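Novice: OK, Swiss-Prot features for this one:
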type     : residues : note
COMPBIAS : 659-676  : compositional bias 'Polar residues'
COMPBIAS : 684-699  : compositional bias 'Polar residues'
DOMAIN   : 584-665  : domain 'PDZ'
REGION   : 656-699  : region 'Disordered'
REPEAT   : 60-81    : repeat 'LRR 2'
REPEAT   : 106-127  : repeat 'LRR 4'
REPEAT   : 129-150  : repeat 'LRR 5'
REPEAT   : 152-174  : repeat 'LRR 6'
REPEAT   : 198-219  : repeat 'LRR 8'
REPEAT   : 221-242  : repeat 'LRR 9'
REPEAT   : 244-265  : repeat 'LRR 10'
REPEAT   : 267-288  : repeat 'LRR 11'
REPEAT   : 290-311  : repeat 'LRR 12'
REPEAT   : 313-334  : repeat 'LRR 13'
REPEAT   : 359-380  : repeat 'LRR 15'
REPEAT   : 382-403  : repeat 'LRR 16'
C-alpha cells in the first residue's frame, strides 16, 4: 500500500519541464522548488516582481524564461545556475546585471531586451559560449569594450539604443552572422568592419552615418544590408565586391551616384534607393540580372539608361517624383514587370514598346504631361489599374482611339487626357530620331493589332482577339511591399494646376518611436479641427462638375488683389528639426501656382500645427529675405541653403490680402483645389511633405 503513495512523489521528482506562463502569478509558486531536477522553467507573461532565492537552488536548470514580468532586480545568486544555457529577461525593469553572471559559463542565449540598462558589466563577456545576445530597446550608451571576447557570438542585436560608438573589438567576432545596430546615434563604423567575414545580415539604419568603410566589401557573405535613414553621400567604390548581396536598402540618404562596381552585384534582388540625390542611374544597373524590385522615387533622375531593359526578372519599378521626360524603348524587354510607377515626372509620351510588358498589372503615370497613351496599351491584357490622375476614382478607365496628327499614328485617350500641362504636339525628349524610332515600331513584327477601326474598348468586346475587359472596378492600388520601409503617403491628394517641382524643408534629425506616435495623434487632431472650421470637403465630384467648378475657381483667383504688407517671421524648428513648409517658383523654375507670372519664391504649403504655421507663416506669402539673404532673384536651392543654416529661421515675407494662393480661406471647390490632408501623420514617412497625390505602393 505505501508503494502506491510513494509513486506519485517519485514521478514528481522526475519532472524536468514546467510551463506556468500567462498564469497571472504574483510570485513563483512554492511547489516548483520541490522539483530538484527541473531543467526548463517558463514563467513568461506574469506579474512576478522578484525571484525567490529558492529558485537558485535548482542547480539542474538549463532554460529559464522570466520575460514580460515586473522584475526590477536580478539577484547575484543567478551565478549559482551554472548549467544555464538560455536566460530570457526580456521586458522587465532590470537596470543592472550582477557580476556573478560570469559563472554561467554554458550560457548560449541571453535576452536582455526592453530593460533600462545603461551599461553591461565587462564580466558578461567572460561567458564565451554565448551565441545569441539581444540588447534591443535598452538605454545602453556603450557596449562592453571587450565584446570581441564573445568569440562564439553569431547574433548580436542592439537596436533602438543610445549607442554613439562601437567598440573596435567587435571586428574580432569572426563567427558573427547577424548584426543589428539600427536606430542608434552612430556617426561612424569601425574601419575594419570587413573582418566580419561570416556576416550575412547587417542593419545599421536610422543612425547618423556619413559614409561606410571601404573594408565593408570584405563581408563577402553579406546578403542583407540596410543603411537607410542616414546621411551618407557616397557609397564605397568596391561595394560590388559582395557577391552574395541580395537586398540593399540605401533609402533616405544623400547619395549622389551609385558606384561603378554596382553591376557586379549579380545576385541583387531588391534595391531601395528612394529619397536620395541621384541625378543619374548608372548603366551598370543592367548587369544586375537577378533584380526583381527597384525603387528610385524622389530623386533627381532625368532619364533611365537603356540597359534597364536587360533586367528580365524585374517585377516592380518605381521612379516616382523625379524629372523623367521619357522612358527608354528597352522597357519593353522587361517581360516580368507587373508594377510600373512613373508618377509625378514630366513625361510627354510613353514608348510604343510598353505593350510588350505582357505581365503588367499596374501602370501609374499620374501627374505627368501626357497628351495621350500609345495604342499598344490595348494589348496589356493583365492590366488591373491604370492611374492617370490624383482625382481618379476608378482603377480602370474607358479608353477610346484617336490619332496623333503630328505623327500620323493611332493613339488612345480618355477624359483625363491630355494631362494637366500637356503640350500639344511637343514632347521633351528633344530628339527627332527618338520620336521616329518609336513611330516606326507601329506595325512591327512583335506587336500586332487585329482591329484598326476607331472604336472604344467597350465596342471591341466582340473582336476576334479579345482585348480584355477595361471596365473593371474597385481594383485596389498595390499594397506596400513586404520590405521594411513604408511608403511616403497613403492619401489620394489633389493635383495642382501648373505645379512646378516642389521643395520640402525637412531636417535629417529623427524622432524616437514614442515621440513620433504622440506627434502623429496631435497632427491628426489639428487637421481634423481645421477641416471642420473651414468646411473642407473630401468628396469626389463628377468630371463635368469638376470642369465647371475649375472655371469658377480660376475666375475667382484672378480677382485676388488688395494691399500688400511686409511681415518678419521667426520660426524655431521643432524637436524633429522640421519647419513644415513648402515653396515653389524661383529664378530657375516655372512661376508658382496662382502667382500671376511672378518669378519670385512663394510659400505653397504650410502644414497645420507645424512650427511655420504657429509662427504665422501663410500660404501665398512671397519670400523677400531668409536669414539675411536676399530672396528677390533667388532660386529654390538658394532658399534651401539659407534656411538650413540656422535652427531659428527668420523670414521676411510680402503678404497680399487676400492671399494669391490661399487654400484654407475657402472650402474646397473641385479636384484641382488644395485640401489640407497633405500627408499621413501615421505613416512611417510622414516627415516628408507631399504636395500632390501620391498613392504610393512601393515600400
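Glycine residues also receive a Cβ, built from the backbone N, Cα and C atoms like all the rest.
Could you give the neighbours, burial and distances for every feature on this list?
Specialist: Shown for the domain 'PDZ' (584-665): DSSP residue counts in helix, strand and coil, namely 13 helix, 24 strand, 45 coil.
Counted with DSSP, the repeat 'LRR 2' (60-81) comes out as 5 helix, 3 strand, 14 coil.
Mapped onto DSSP classes, the repeat 'LRR 4' (106-127) shows 5 helix, 3 strand, 14 coil.
Long-range contacts of the repeat 'LRR 5' (129-150) within the same chain: residues 85, 90, 105-122, 156-167, 169-173, 180, each at least 6 residues beyond the stretch ends and with a Cβ under 8 Å from a Cβ of the stretch.
For the repeat 'LRR 6' (152-174), the DSSP-based tally of helix, strand and coil residues reads 5 helix, 3 strand, 15 coil.
In terms of DSSP helix, strand and coil, the repeat 'LRR 8' (198-219) has 5 helix, 3 strand, 14 coil.
The average pLDDT computed for the repeat 'LRR 9' (221-242) is 97.
When DSSP labels each residue, the repeat 'LRR 10' (244-265) comes out as 5 helix, 3 strand, 14 coil, counted as helix, strand and coil in that order.
Beyond its flanks by at least six residues, the repeat 'LRR 12' (290-311) meets 246, 251, 266-284, 317-334, 336, 341, 481, 483, 488, 688, 696, 698-699 of its own chain at Cβ-Cβ distances under 8 Å.
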Novice: Tally the residues of the repeat 'LRR 13' (313-334) by DSSP class, grouping H, G and I as helix, E and B as strand, and everything else as coil.
Specialist: 5 helix, 3 strand, 14 coil
Novice: Below 8 angstroms Cβ to Cβ, which residues of this chain, lying six or more residues outside the repeat 'LRR 4' (106-127), approach it?
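Specialist: Non-local partners: 67, 82-99, 133-147, 149-150, 152, 157.
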